[in-house]
Amino acid sequence: MTDIKSLSVIGAGAWGTALALIAARAGRDTQLWVRRPEQAEVMRRDGANKRYLPGVGLPPDLRIAGDLPDAFSAALSADAVLYAQPSQYFRAFCRAARPYLAPTSPLVICAKGIELGSGRLMTEIAAEELPGQCIAVLSGPSFAAEAARGLPTAVAIAAAEDTVAQRLMAALSHAAFRPYGASDLVGVEVAGATKNVLAIACGMVIGRGLGENARAALITRGLAEVSRLALAKGGRSETLMGLAGFGDLILTCCSLKSRNTSLGHELGEGRKVADILAQRHTVAEGVTTAAAVVALAEQLQVDMPLCRAVDDILSGRINIDTAVQTLLARPLKREF
Ligand SMILES: NC(=O)C1=CN([C@@H]2O[C@H](COP(=O)(O)OP(=O)(O)OC[C@H]3O[C@@H](n4cnc5c(N)ncnc54)[C@H](O)[C@@H]3O)[C@@H](O)[C@H]2O)C=CC1
Ligand SMILES: O=C(CO)COP(=O)(O)O
């Protein structure tokens, strides 16, 4: 089992920056690849990523590479590459990276989303665009700001081969960051992507004043519908009970630190989605994934009424009150 000595993180948003800090703390030779050269310059000058991860200093040994000639190919020559840009840009990344990635070096998907239009999971995009590439998925309850501050965080790292997961776990683990190994890539991915849609729903419930009973019911029934989707895609139900499933759902749905939950909260208070997004420079993956997951559920004939309601509200087809009335008026049924 060869050690991972060097590691590159693609994307210097909050999560990419936090992952680069984690890798550097774990003693890896780490570089953070930044899409906009001017942002790389500002980060080097400030010793921080004030735009996406304020209040956290970057260690001097963390290399910050801007998108200049050769920097991209150099970043992709590391022993492992972590993709931490939003999911809708993953296909374009794969196409750009194809000439430079060594097929045996793990490409670790750290984004949480489903492709709009195709309904593809990130691993499916990777299989289409980078056939034969060694792929892993990192997901779990992990607010970037907390992990970056060195607060205790545990995640799942899934790979088809155990040795790949183990090498990545060894490369990233340190006193405050504990990865667990997994082999169910699909389950980990489906859980990570769909929790963002449910988080928007939970935010709406609280913002609209519908109460904590309603939020708990939403989380529980949300987990049931996400489990149906994961199983239909070939995932395993135990994964949904783990860090990437239950763990991330609870974290995200119960905290306004979540961009998805806070977006839902603002919607619940009566603001319009376009106005909320216009005022933010950060991503809320659940907005695009809501539409993608509904299309995917239709293809697979999986019943996902909560995700559908979120998509209907985001698209302006119904309002929150009508969505709630419709959900509650469905025929009574057994829980399991
Ligand atoms: N922030 C967090 O706590 C966590 C985020 N994630 C996931 O990580 C992924 C990245 O999220 P964050 O780092 O939070 O994003 P962010 O909201 O902090 O930053 C936005 C990111 O989008 C990138 N971006 C904007 N336009 C782009 C384009 N045209 N092409 C490529 N990239 C572009 C920016 O460069 C930046 O990296 C998402 O899938 C998110 O769900 C996963 C775990 C934790
Ligand atoms: O994925 C996350 C925590 O695990 C971050 O959630 P938000 O993108 O909703 O902030």
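Every residue, even glycine, has its Cβ placed from backbone N, Cα and C.
TrEMBL: automatically predicted annotations, no manual curation.
Residues or ranges marked as domain 'Glycerol-3-phosphate dehydrogenase NAD-dependent N-terminal' in TrEMBL: 8-163.
Non-local neighbourhood of Lys112 (NADPH binding site): Ser87, Ser139, Glu189, Gly192, Ala193, Lys195, Asn196, Glu285, Thr289, each in the same chain, at least six residues away, with C-beta under 8 Å from its C-beta. The NADPH binding site annotation in TrEMBL covers Trp15, Arg35, Arg36, Tyr52, Lys112, Ala144, Arg259, Val283, Glu285.
Arg259 (NADPH binding site) is surrounded by 22 other CB atoms, counting those within 10 A of its CB over all protein chains shown. Annotated sn-glycerol 3-phosphate binding site per TrEMBL: Lys112, Gly140, Ser142, Lys195, Asp248, Ser258, Arg259, Asn260, in sequence order.
The domain 'Glycerol-3-phosphate dehydrogenase NAD-dependent C-terminal' annotation in TrEMBL covers 184-325.
Taken from TrEMBL, the feature active site, proton acceptor covers Lys195. Summarising the environment of Lys195 (sn-glycerol 3-phosphate binding site), the number of other Cβ atoms within 10 Å of its Cβ, over all protein chains shown, is 32.
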Ask   = ligand 1: which of the binding-site residues Arg36, Gly140, Lys195, Asp248 have a Cβ closer than 6 angstroms to it?
value = none
Remark   = Sequence-ordered binding-site residues within 10 Å (Cα) of Ser142 (sn-glycerol 3-phosphate binding site), taken from Trp15, Arg36, Arg259, are Trp15
Query = Among the binding-site residues Trp15, Arg36, Lys195, which have a Cβ atom lying under 6 Å from any atom of ligand 2?
reply = none
Query = Mind checking how the domain 'Glycerol-3-phosphate dehydrogenase NAD-dependent C-terminal' (184-325) divides into helix, strand and coil residues in DSSP?
reply = 106 helix, 0 strand, 36 coil
Query = Counting only other Cβ atoms and using a 10 Å cut-off, which of the binding-site residues Ser258, Asn260 scores lowest?
reply = Ser258
